[in-house]
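Novice: Sharing a structure with you now.
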Amino acid sequence: MGCVFSLPKERQAAAARVTPQRETSFIEKMKKTNRNMVVFYGSQTGTAEEFSGRLSKDAQRYGMRGMSADPEEYDMSELPRLAEIDNSLAVFCMATYGEGDPTDNAQDFYDWMQENDEDLKGVNFAVFGLGNKTYEHFNAMGKYTDKRLEELGGKRIYDLGMGDDDGNLEEDFVSWKEQFWPAVCEHFGVEATGDDTSIRQYELVVPTDINMNKVYTGEMGRLKSFETQKPPFDAKNPYLATVAVNRQLNQSGDRHLMHLELDISGSKIRYDSGDHVAVYPVNDVSIVNRIGQILDADLDTVISLNNLDEESNKKHPFPCPTTYRTALTHYLDITNPPRTNVLFELSQYATDPKDQDTLRKMASASPEGKGLYQSWVLDAQRNILAVLEDMPSLHPTIDHLCELLPRLQARYYSIASSGKVYPTMVSICAVVVEFQTSTGRTFKGVATNWLKNKVVVTDNGHKATVPMYVRKSQFRLPFKASNPVVMIGPGTGIAPFMGFLQERGWMKEQGKDVGETILYFGCRRRNEDFLYQQELEEFEKAGVLTQLNVAFSRDQEGKVYVQHLLKKNKEHLWKLIHTDNAHLYICGDARNMARDVQNTFYDIAEEVGGLTHTQAVAYIKKLMTKGRYSLDVWS
């Protein structure tokens, strides 16, 4: 689950990246290692990287030799030289991030495509895009890469694939792959080997003389980085912030909404209102122990998984050497339903032929197999433990399981405070994810349950800590304080607006002319989950918040949502937008709320502004390009 944010791009300072010296020419590397297929990935949360690895691994089943590559690590201006390698192919697994942006690691490649007119004659390519239909710019990066490579003279050997994370991304990828490989075989005149056996990518090494000081215990990059912390802090080097506050926000109801404050004093971390905080969660210990129990494994064994391809830039699937316990606790995703390739690779370990058949079927592209994967794995929310429990004949080796599971990703939250007012504190507002699945199990969101249990001071006097870093966003207050702002954030979507309000209050205290500041908040009931009620009423009393509109969806017969209140105030809103240069901000659920709110603004532009529907859509689009209609949404 977690929160998948629509985060705008961020150009990280090159200085913050310490890249070891390595071969930057992918062409030379391909020639040296006798490869003819390279799979580049633009990945933010690890999925595109995972898909890229699967394609390059599949290549040998189809008479090709592949390598997976991060475009940030290579000189992409060498792409035209791919024509020097016979029967060569470049595949691009490109995720779209934020408002149609490239992922951080594909930013330079995107710039290169935009700025260059190199001739890609003789370069064969195919693109698979990863996107989410709930966002305005669905699969923008995949579409652009596919179109641009053709414009530059490249030869598309198979159609653009478009994965939709709002539907079933895994199924989209498997279906595309099923058609992509026959197209490759036909184009290059190669044949599928028919060899469906599992191909290991890493070998297990159990060191005999172990120096425990050289064993990773959860660090993301540098060994012992949690003991001796050195700035700058980023994804590879998170800061261990102490938890200063952890309180429940809702008065009643069956959910747990919480407000946490992370102390960042002395870290040199700076943040602005609207930025995001990334936290690295830790898996539920009971799931880890149970996996160890089922697989009959000593979880405290120190191991290293080493890439069998010595030329690969990725030496290990996660920091090694480490223990199975650390890998399953800190590095691997054991909570989300496993992807089909994991089921396929594990099928060889099932001693019951029926189980083996079921696992293989779910990994196939047949309608029956896809349906079974959808119902048995996805709809039932079966994680890897549930799969092992419900298939008693399945008994994989723990090292192969650790090789196959995807990496546990950082979770992003909109910061609920202002860096101007609270420079040493980062606030988080979140709802704990917990529900019953159709198999009778309780699904618990990894990060929110872990955060919920972070007591400020433990029994033995230790302070609870959270590994975190800040990610810049473009969700920003207007440069001129006198511009009116309209903030729409139901539920935990209120988070960034707490920071905005603190900042507008601070500006007012500085004697600045601060424009109208209007908030539309929504929750279930006034006496249940009116988040930050006291603070909001104080902002109102102080004149910082000029208008507080709250939609209580369940306090009356018919449900009332923020868009109904927007409609009520349509004349005032149109004046703010059309004549007063107001900035609009929407934060929260992308699937329904953000779309409903956008449709309401179309209605307002038509009803009050007298525009046609087509003009209204163009009008809002223009506000977006001018930076006056900003979204911070997740699905």
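Glycine is no exception: its Cβ is also placed from the backbone N, Cα and C atoms.
What TrEMBL says about a protein is an automatic prediction, not a curated fact.
Pulled from TrEMBL, these are the listed features:
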- 37-181: domain 'Flavodoxin-like' (DOMAIN)
- 43-48, 95-98, 130-139, Asp165: FMN binding site (BINDING)
- 236-478: domain 'FAD-binding FR-type' (DOMAIN)
- Arg255, Thr492, Ser553, Arg554, Lys559, Val560, Tyr561, Val562, Gln563, Asp596: NADP(+) binding site (BINDING)
- Arg411, Tyr412, Tyr413, Ser414, Cys429, Ala430, Val431, Gly445, Val446, Ala447, Thr448, Trp634: FAD binding site (BINDING)
Novice: Given the binding-site residues Arg255, Lys559, which one is most crowded in terms of C-beta atoms within 10 angstroms?
Specialist: Arg255
Novice: Could you round the CA separation between Tyr135 (FMN binding site) and Tyr413 (FAD binding site) to a whole angstrom and send it over?
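Specialist: On Cα coordinates alone, these residues lie 18 Å apart.
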Novice: Sorry to bug you, but what's the C-alpha spacing from Tyr413 (FAD binding site) to Gly98 (FMN binding site), rounded to the closest Å?
Specialist: 14
Novice: Rounded to an integer, what is the Cα-Cα distance in Å between Gln563 (NADP(+) binding site) and Phe138 (FMN binding site)?
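Specialist: Per the Cα atoms, Gln563 (NADP(+) binding site) and Phe138 (FMN binding site) stand 24 Å apart.
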Novice: Cα distance, Lys559 (NADP(+) binding site) to Gly46 (FMN binding site), nearest Å?
Specialist: 38
Novice: In the structure shown, which of the binding-site residues Tyr135, Phe138 has the fewest other Cβ atoms within 10 Å?
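Specialist: Result for the binding-site residues Tyr135, Phe138: minimum number of other Cβ atoms within 10 Å at Phe138.
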Novice: Near the Cβ of Gly98 (FMN binding site), how many other Cβ atoms are there if near means within 10 Å?
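Specialist: Total other Cβ atoms inside 10 Å, all chains included: 23.
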Novice: Let's see if you can do this one: DSSP helix, strand and coil counts over the domain 'Flavodoxin-like' (37-181), in that order.
Specialist: 65 helix, 35 strand, 45 coil
Novice: Could you check which of the binding-site residues Arg255, Arg411, Thr448 is the closest Cα neighbour of Ala95 (FMN binding site)?
Specialist: Arg411
Novice: Spatially, which candidate from the binding-site residues Arg255, Tyr413, Cys429, Lys559, Tyr561 is nearest to Ser43 (FMN binding site), comparing Cα atoms?
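Specialist: When the Cα distances are compared, Tyr413 comes out closest.
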Novice: Restricting to the chain of Ser553 (NADP(+) binding site) and a gap of 6 or more, list residues whose Cβ falls under 8 Å of its Cβ, or answer none.
Specialist: Gly522, Cys523, Arg524, Lys559, Val560, Tyr561
Novice: Expressed to the nearest Å, what is the distance separating Thr448 (FAD binding site) and Arg255 (NADP(+) binding site) at their Cα atoms?
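Specialist: Checking the Cα atoms of Thr448 (FAD binding site) and Arg255 (NADP(+) binding site) gives a distance of 12 Å.
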Novice: Within 10 Å of Arg255 (NADP(+) binding site) (Cα to Cα), which of the binding-site residues Asn132, Cys429, Val446 do you find?
Specialist: none
